[in-house]
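A quick write-up on the structure given underneath.
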Amino acid sequence: MVWFLIYLLNILWTMAGTNTQTRSSCSIPSEQLPWVNDLQVQMENSVTSSDFPNPSVLIAMNLVGAYNLEAQKLLTYELMASDTADLTTGQLALTIMALTSSCRDPGSKMSVLQKQMENWAPSGPSEEATAFYGPSLAIMTLCQKNSETTLPIAVRFAKTLLANSSPFNVDTGAVATLALTCMYNKIPIGSDESYRALFGQVLKAIVENISMSIKDNGIIGNIYSTGLAMQALSVTPVQPKKEWDCEKTMNIILDEIKQGKFQNSMSIAQILPSLRGKTYLDLPQVSCGPDHEVQPTLPNYPNPPPTSASNITVTYTINNQLRGVELLFNVTIDVIVKSGSVLLVVLEEAQRKNDMFKFETTMTSWGPIVSSINNIAENVNHNTYWQFLSGTTPLNEGVADYIPFNNEHITANFTQY
Ligand code: B12
Ligand SMILES: *[C@@H]1O[C@H](CO)[C@@H](O)[C@H](O)[C@H]1NC(C)=O
Ligand SMILES: *[C@@H]1O[C@H](CO)[C@@H](O)[C@H](O)[C@H]1NC(C)=O
Ligand SMILES: *[C@@H]1O[C@H](CO)[C@@H](O)[C@H](O)[C@H]1NC(C)=O
Ligand SMILES: *[C@@H]1O[C@H](CO)[C@@H](O)[C@H](O)[C@H]1NC(C)=O
């Protein structure tokens, strides 16, 4: 009798887990597909052994079907070898999702992640929203592995999110939606209805916030949060009041791709699954059968713009009004660089001309982040960082990707988030 009950519960559990929700999704017109194929080729070609192994790239490859099997193998191998102790909670979660989608056993990494989340607590109700980004990835990972043992952790996480009062962040809201949707879909039938109510309530609040971030042109947040937001809106069991036009979003993103806005391989890794109608919640369904290499169709490019040998002048200000009364500075320099150079070249030229402009970078999955200027360094415990602005508008790319124009005024402002 007891065995029969356990058997029955198991079936119900499995049914709850595979309970598929209706999804709003859309697909790319076939004549536009070569652009997406090219994007994928670019991302896969960014995988080299010398680089920082990026789990988000492997996740995207496994979700959409890799072209470059050598790159897939290399990345899997490098992530297997990565040392858990060097990873943050979010990086650990991404690494586990990448490895399991490559059909590798993540080993002890899973229990380390579970422990980290059992001990996780935000600093308080005004903790900034982006502090939930890594923990959301962790809940998503633990949910996909074993939703039953994740339930208490996810309940605490959901309550903390609901109590948080900081300004909304689209990227973080999107990842939190994926995590809580996974939990919502796996609540065992017959279990306490309060779980469904709690996850449903938090999802409702986040999805409303995401839908309020949809611009008239279809962009959700900014172009680099749109990929994650599309994933969130296509899986959520609670629909926003304002309807989302998936087609419109897809079209504007394709336009941005054609304008070369998705060169950074991490930006491709975050948009590609949505372009191919996949989400991180599809990861458990990925099969690792013997893959066959396919030759993608690539676009016929319009002739690349002639590379002009002209120079541009960029005005560059570094401003610290925050740290150390005797250390405050606000200095400006004009530098000349080749037209088409990335902002990093401006910073290097400024540093060469004047020692006050010396700076340091730290490598991340998005590329180099400017961690220190003139000996003033970012500090996670103080929530301080160097923010880059054009005029008074924050840049939405980093220094290794952003290309300044002639007579632009770039400011690096030491500030808090
Ligand atoms: C949190 C966050 C930050 C925090 C990071 C520190 C912290 N407390 O965690 C702070 C506030 C410092 C930050 C700064 C910036 N950020 Co930011 N950030 C994020 C966010 C929301 C989550 C990152 C995360 O936790 N990932 C999870 C962990 C597991 O992955 P990770 O790779 O280890 O995460 C690290 C990197 O993402 C890195 N990082 C964060 N932002 C950026 C930006 C750049 C250009 C680089 C190279 C690295 C980097 O910091 C993370 C923690 O160490 C992402 C959203 C997203 N979609 O990825 C945006 C995001 C990555 N940031 C972005 C931008 C534009 C910036 C800034 C350039 C903004 C500005 N105008 O100054 C600056 C960097 C300037 C500099 N000094 O070089 C864009 C990048 C788009 C692009 N095409 O390059 C994103 C995608 C947001 C968006 N939708 O526009 N960011
Ligand atoms: C929704 O956005 C508002 C305004 O930024 C914020 O105060 C609230 O905490 C957000 N809610 C959730 C669940 O993210
Ligand atoms: C651009 O600047 C470099 C370095 O200052 C200089 O050598 C070169 O002659 C300049 N080119 C033009 C076209 O002005
Ligand atoms: C810093 O310098 C810039 C450019 O010279 C100026 O516009 C700005 O007002 C200054 N800011 C502060 C806080 O001194
Ligand atoms: C620069 O940072 C300071 C300190 O956080 C802030 O008060 C100021 O408004 C910022 N300036 C700009 C242009 O964002």
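Quick reminder: no glycine exception, Cβ is built from N, Cα and C everywhere.
Cyanocob(III)alamin is bound by Asp171, Gln270, Leu395, Tyr417 in TrEMBL, and the record lists one more residue there from Asn222, Asn319, Asn320, which is Asn222. When TrEMBL is consulted, the disulfide partner of Cys26, picked from Cys182, Cys246, turns out to be Cys246. Separating the Cα atoms of Cys182 (disulfide bond) and Asp171 (cyanocob(III)alamin binding site) is a whole-number distance of 17 Å.
A Cα-Cα distance of 17 Å separates Cys26 (disulfide bond) from Gln270 (cyanocob(III)alamin binding site). In this structure the C-alpha atoms belonging to Cys246 (disulfide bond) and Leu395 (cyanocob(III)alamin binding site) are separated by 26 Å. DSSP classifies Cys143 (disulfide bond) as helix under the three-state reduction. Per the record's binding annotation for cyanocob(III)alamin, residues Asp171, Asn222, Gln270, Leu395, Tyr417 show a top Cα-Cα distance of 23 Å. Cβ-based crowding with a 10 Å cutoff singles out Gln270 as the top-ranked of the binding-site residues Asn222, Gln270.
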